[in-house]
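Taken straight from Swiss-Prot:
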type    : residues                                                                                      : note
DOMAIN  : 7-88                                                                                          : domain 'GST N-terminal'
BINDING : SER17, SER18, CYS19, ALA20, TRP21, ARG22, VAL60, ASP72, SER73, GLN112, ASN116, LEU117, ALA118 : glutathione binding site
DOMAIN  : 93-145                                                                                        : domain 'GST C-terminal'
Amino acid sequence: MSSSETQKMQLYSYSSSSCAWRVRIALHLKGLDFEYKAVDLLKGEHLTPEFLKLNPLGYVPALVHGDIVIADSLAIIMYLEEKFPENPLLPRDLQKRALNYQAANIVASNIQPFQNLAVLNYIEEKLGSDEKLSWANHHIKKGFS
């Protein structure tokens, strides 16, 4: 039995991160026990040597399950769905499943990046705060249309 079979999962998360929300929701819907580890992005805790040793990408959420570390919300959710098939998150019907993947990818690729603090700060630095809001609103509305 691997160490991931017997160890409690740890979720490194920032309370306001929509990416982290997705994983917390999935863990709860699947009824999985995990330990919540707060990472304060505003204080730069994701950039500390300790966190970067665990997760060189410096992203939250990050899920640790035994010797496995996964640092992307959709990858984490896919791992949970495969590893713990009880209480499935996805429908069995292939077409409905594909629509779920489509919605998840639109959020992850087209909407969420414009809610990311690093992206918003960069846009504001280069173009100003009015342009930052304009960019973010444009891409978020487009993703939901």
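For all residues, glycine too, the Cβ spot is worked out from N, Cα and C.
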For SER73 (glutathione binding site), which DSSP three-state class applies?
helix
Taking every protein chain in this structure into account, which of the binding-site residues CYS19, VAL60, ALA118 has the most other Cβ atoms within 10 Å of its Cβ?
VAL60
What span in Å does the glutathione site cover, taken as the longest CA to CA distance among SER17, SER18, CYS19, ALA20, TRP21, ARG22, VAL60, ASP72, SER73, GLN112, ASN116, LEU117, ALA118?
19
Among SER17, TRP21, SER73, ASN116, the binding-site residues in question, whose Cβ has the most other Cβ atoms within 10 Å in this structure?
SER73
Which state, by DSSP, holds SER17 (glutathione binding site): helix, strand or coil?
coil
